[in-house]
């Protein structure tokens, strides 16, 4: 054993050119393992250039000089340098000691991108797929939106007094769907759509949405809002700002009311037919339908004499029907009412039940004021 240690000591001195005491220190620290001792020496400040390490057994090493048939091994063959970009993607690397001739490399978890880097990736991906940077334009108070050109009919005036005017029909505009304009605001800790709530960058449920933006695609949830129409998406950079939810714009009351003094409350519908149709369309679009799950049609007979038919999933709850009625008839929000079945005539008291649990598939529901 003593002779092997002397051989290792002489070989360490021959390879590194250091003093014998310093060589003994590194060998003792490495348990007299020549390979580990050399690695520790160069990590401690030794030259990182190519070094010659004998691979022969200690008994075959001549005293004083390195053997002539050594195999050349570089220090970089012992510890592999990693590219900076690869380290960022794969995580930090650690080396754990093993047996005398082995070791283990441990790769840490991938480093998460900071919100600033994530926003950079989103804008970079959008620009690579055709997005154009524009200056933000803010409307002054009282400024209206761009007027739409008139597309109706009219009368062509006669050229002479005795010539009658002729009616000319206008061209009917074709609408294949509902065009939607959405503003995506990228904040310090998350993003928001228009004046909606903050959605975290780290939330797994938002990963598909952000990946679609990075690929220059319109996310599926925005395409569903358009119902086949065009989606115009604007991206605003607020990465240095904390999210502040804007105050909702004031809207004058245009709903329905009740006549006071009558024994049974009578709902008065003060909205115009166009406004009522718009409310019903908004209420219908607020019900998210999963086409992969079974669906059913529910007929609702309202207290004001109206009738609504809406598609639901079997997993929707009775409370979803109540919300649908309030959205379709905003005046009902201030009205106390219950939902009942027609036959048998029974009140649906537990509104947490699903439509399937309450046996309401393809059923007729009646609204009764209380």
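Placement of Cβ uses the backbone N, Cα and C atoms for every residue, glycine included.
Here Swiss-Prot flags 179-244 as domain 'SEP'.
Taken from Swiss-Prot, the feature domain 'UBX' covers 291-368, and the record attributes it to sequence analysis.
Look at Swiss-Prot and you will find 74 (among others) tagged as phosphoserine, backed by similarity to another entry.
Here Swiss-Prot flags 102 (among others) as phosphoserine, drawing on similarity to another entry.
DSSP assigns residue 114 (phosphoserine) to coil in the three-state reduction, outside any helix or strand. Swiss-Prot lists 114 (among others) with the feature phosphoserine, giving a large-scale study or a structure entry as the kind of evidence.
Swiss-Prot lists 140 (among others) with the feature phosphoserine.
Residues or ranges marked as phosphotyrosine by Swiss-Prot on the basis of a large-scale study or a structure entry: 167.
Taken from Swiss-Prot, the feature phosphoserine covers 176 (among others).
Residues or ranges marked as phosphoserine by Swiss-Prot on the basis of similarity to another entry: 192 (among others). According to DSSP, residue 192 (phosphoserine) is assigned to a strand segment. The 10 Å shell around the Cβ of residue 192 (phosphoserine) contains 20 further Cβ atoms across the protein chains shown.
The feature phosphoserine is assigned by Swiss-Prot to 272 (among others), with a large-scale study or a structure entry given as support. Within 10 Å of the C-beta atom of residue 272 (phosphoserine) sit 10 other C-beta atoms, taking all shown protein chains into account.
According to Swiss-Prot, the region 'Disordered' annotation covers 54-73 (among others).
The region 'Disordered' feature in Swiss-Prot is assigned to 80-116 (among others).
According to Swiss-Prot, the feature region 'Disordered' maps to 138-157 (among others).
Among the features that Swiss-Prot reports, motif 'Nuclear localization signal' is placed at 109-115 (among others).
The feature motif 'Nuclear localization signal' is assigned by Swiss-Prot to 172-175 (among others).
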Tell me, what is the mean pLDDT of the motif 'Nuclear localization signal' (172-175)?
49
For the C-alpha pair, I'd like the distance in angstrom between residue 272 (phosphoserine) and residue 192 (phosphoserine), rounded off.
33
Between residue 192 (phosphoserine) and residue 114 (phosphoserine), what is the CA-CA distance rounded to a whole number of Å?
18
Across the domain 'UBX' (291-368), DSSP labelling yields 16 helix, 27 strand, 35 coil
